[in-house]
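As structure tokens, the structure follows; a few thoughts come after it.
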Amino acid sequence: MTNEKIKTLEEAVILSEIASSAGALMLANGAEIYRVEDTVERIIRSKEAIKDVDVFSSYNMIMISFSYKGEIHTNMRRVRNRGNNLYYVDRVNTFSRNFSAGLYSLDEALMEIDKIKKEKSVPIYLKSLGATLAAGSYSILLGGNIIEVISSFAIGYIAYKFSLFLEREKINFFVVHFLYGFVLSFLALLTNEITPVSINILIISGMMAFVPGVMLTNAMRDLMSGDALSGITGTAMAILISVALAVGVATPISVWRLF
């Protein structure tokens, strides 16, 4: 199938829906700003008769604009919650390449985007397993003994499952990370009461699943790409998450020492 030429205003509207939906999906799953803008622009420019293409994306919003037969088409998507899921980023990248190559009609492309949105990437049990393995593995790297390693596995699993519950309840991200740190620290202190272990090892190991390393890295890449607004916002978010974790961890320790 070859690239279609946009023939009607209705098709131009469909194209704007496809492009904005693809960009919002990438943005919601942790793609860098320059990647989002480049992908969306390629999708729009792949069709003939489209002029004056502009794409602007910030940390949680994407806006597109293009001209068709002298009429300006604008579309905007706001992303309320961002995460890090490279599965969806890869799926949209693959979709954009296929769309630009003319493998989808406009209607087929719209259905494909909806299909990608509804796909489940990683089952909850695998996410929990990953968080558990991360906690236990870091305990080994930090020189923990067998009891500390086993405890790290258990604490990492319990704390992560608790965080998933909070996320399902759509609780504010700062509160989620604060409570995660709180529960993690409390469980480490409780474990130390049962059997002597290094609280530091248990807490540091358990925090690995929530340290905002990818977020901070993407923010730095956005800054170096000239996307100052998104870079500063991403950096601020990473700092807030780190503060929430630190305060959450420190609170039980401070209270525990009073008794």
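Quick reminder: no glycine exception, Cβ is built from N, Cα and C everywhere.
Under the heading domain 'Threonine/serine exporter-like N-terminal', TrEMBL lists 18-254. As annotated by TrEMBL, transmembrane segment applies to 138-159, 171-191, 197-216, 228-253.
Between the transmembrane segment (228-253) and the transmembrane segment (138-159) there are fewer than 3 Cβ pairs closer than 8 Å, counting only pairs 6 or more residues apart in sequence, which means the two stretches are not in contact. For the transmembrane segment (171-191), the list of distant contacts is 81, 151, 155, 158-160, 162-163, 197, 199, 202-203, 206-207, 210, 237, 240-241, 244-253, 256: same-chain residues at least six beyond its ends, Cβ to Cβ under 8 Å. Regional average pLDDT for the domain 'Threonine/serine exporter-like N-terminal' (18-254) in the model is 90.
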